[in-house]
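First up is the structure itself, then whatever we jot down about it.
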Amino acid sequence: MFPYFIMLIFCGIPLFFMELSFGQFASQGCLGVWRISPMFKGVGYGMMVVSTYIGIYYNVVICIAFYYFFSSMTHVLPWAYCNNPWNTRDCAGVLDASNLTNGSRPATLPSNLSHLLNHSLQRTSPSEEYWRLYVLKLSDDIGNFGEVRLPLLGCLGVSWVVVFLCLIRGVKSSGKVVYFTATFPYVVLTILFVRGVTLEGAFTGIMYYLTPQWDKILEAKVWGDAASQIFYSLGCAWGGLITMASYNKFHNNCYRDSVIISITNCATSVYAGFVIFSILGFMASHLGVDVSRVADHGPGLAFVAYPEALTLLPISPLWSLLFFFMLILLGLGTQFCLLETLVTAIVDEVGNEWILRKKTYVTLGVAVAGFLLGIPLTSQAGIYWLLLMDNYAASFSLVVISCIMCVAIMYIYGHRNYFQDIQMMLGFPPPLFFQICWRFVSPAIIFLQAQVHRRLPQNPLHFGSLPERNVLLHQLPQRGGVPKHDPPAPPSPARTYKPQVRVREVPRVRRQRSPSLAPLGPPSPKPHPCSAAGPLSWDCPVQNRHSLARSSARLLANSYAAGPEARQWEPAP
């Protein structure tokens, strides 16, 4: 947990504030903001690629949560016992199947079953067999797609329909839905926490969660995982922070928002850890094994270990409904941001009047494309591809994108320019701590992490008989290159091309506002019909943000063409 908080303080919160202020000042999405330095527009495209990857497989996770939610609407959870048609002879549940008829729970496990659970290498839990043999019908090879699981396909369609309906009017509709999806999970977490800490063995699980393993503090992989977790948890480098901040009023205090949201987000993660490990501690106590034997990560924790632990609770279907409903709400909140990021980037990039009026059709098109691209992930080999995308496409690439963005803003656009922009927008410059982190600390930490990660031995995922070199192709978006092979032959002199770049030397002059338009001051004598609170009226209603941003770009271009004496910020008439 120590590396987690270090990365939060020196990388997470500073870069979170940078993205919020960046998007709020420009009032553009993850592509439009790079008008400050068009050569780095590829960073915006990288954010779109990451958001596309995550949006495709994240909704598949939501559809599986929908499936478990619907399956929990029964008197007995289908993964509680080993008497189902899909169970094998190796299945050994933590409950005595003979008590199914009277509904009682054994206080202690029978000696033969306890021995089987603790010492048999062939033991598989009923929740694991339900996950592998019934929900997924897992194939034996990543290349063997088998059939599309129709129940999962139907749940995938439901999840995409819900996401589209919540975003049918853009941030106007999603903003209202988020009030529920962001607050109700706290209610469910609190209910599960109160129930979890009252169970036998909960203290053991919580102590396992809080006890640091100091022998791993110097391992580079631990720090790399902490960085990836911080960036993934806060949403840095997804493009979503820039997109959502672009809809803020120009003088909104994004500094306050960034600190509060970052701390609340990470505190929620820690709080959820108490909820999870209190239940896992109870399960370990029930089985008579160490907590590390029942703890898992990834899909195995959400759909195998924790559901199995819920079967030990009285009225287990109720707790299962609450748990998976919470997962659905958390996933939908993230999916809203991902889809809005892609839609806003497309609308900003095209920028004509038709696409501004027909934004709903763009949202529908992106949702349909996401559904079609997610169909292979609902096949019998879909979970293999989901894990590949999760491990390689959208993990450490977030760290690299954030580093490039930080360097581009601080050293290409200029740190003095950016600090003055923030002072113009907020009325005060960024605190000294953030200035130091943006210029030196955060890029240095991320760069060292990238160098160490590049030299770490890679452990590629092996799925059946698929050759390792094909699996490694999925690392390209993350590792920024191809696996090392023999260098290609040099091009022929007749086919050698030289870059032709026209460079026009123009002295850099800081954009200044007219003295009559001091930041946060009184409105100009000639106010804009929309508002005159900010430069170029960037705090207008949401529906006018695109045309105003284009007007500001044209004004800036005209001012540089007219000469230094005309380079003053003036509101549009």
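Keep in mind that glycine also has a Cβ here, set from the backbone N, Cα and C atoms.
Taken from TrEMBL, the feature transmembrane segment applies to 6-26, 47-70, 150-171, 183-210, 230-247, 259-284, 318-339, 360-386, 392-414. Annotation source TrEMBL lists disulfide bond at CYS82-CYS91. For SER233, ASN265, LEU330, the entry in TrEMBL reads Na(+) binding site. The region 'Disordered' annotation in TrEMBL covers 478-537.
Rounded to a whole number, the distance between the Cα atoms of CYS91 (disulfide bond) and SER233 (Na(+) binding site) is 36 Å. Each residue in LEU234, THR268, SER269, THR334 lies on the same chain as SER233, ASN265, LEU330 and has a C-beta within 8 Å of the C-beta centroid of that Na(+) site, without being one of the site residues. Looking at 47-70, 230-247, 360-386, the range that has the most CB pairs within less than 8 A of the transmembrane segment (392-414) turns out to be 230-247. CYS91 (disulfide bond): 22 other CB atoms within 10 A of its CB, across all protein chains. Only residues 6 or more beyond the boundaries of the transmembrane segment (150-171), in the same chain, are considered here, and those with a CB under 8 A from a CB of the stretch are 59-60, 62-64, 66-67, 70, 135, 177, 244, 247, 332, 335-336, 339-340, 343, 359-360, 363-364, 367-368, 370-371, 374-375, 378, 382, 542. When each of the listed stretches 183-210, 230-247, 318-339, 360-386 is scored by C-beta pairs under 8 angstroms to the transmembrane segment (259-284), 183-210 comes out highest.
The distance from the Cα of LEU330 (Na(+) binding site) to the Cα of CYS82 (disulfide bond) comes to 31 Å. Proximity of distant same-chain residues to the transmembrane segment (230-247), defined by a Cβ-Cβ separation under 8 Å and at least 6 residues beyond the stretch ends, is recorded for 4, 7-8, 11-12, 15-16, 19-24, 26-30, 33, 44, 46-48, 50-51, 54, 171, 254, 262, 265-266, 269, 334, 337-338, 340-341, 344-345, 394-395, 397-399, 401-402, 405, 542, 545. Only residues 6 or more beyond the boundaries of the transmembrane segment (360-386), in the same chain, are considered here, and those with a CB under 8 A from a CB of the stretch are 55-57, 59-61, 63, 136-139, 141-149, 152-153, 156-157, 160, 163-164, 167-170, 299, 339, 342-343, 346-347, 461, 463.
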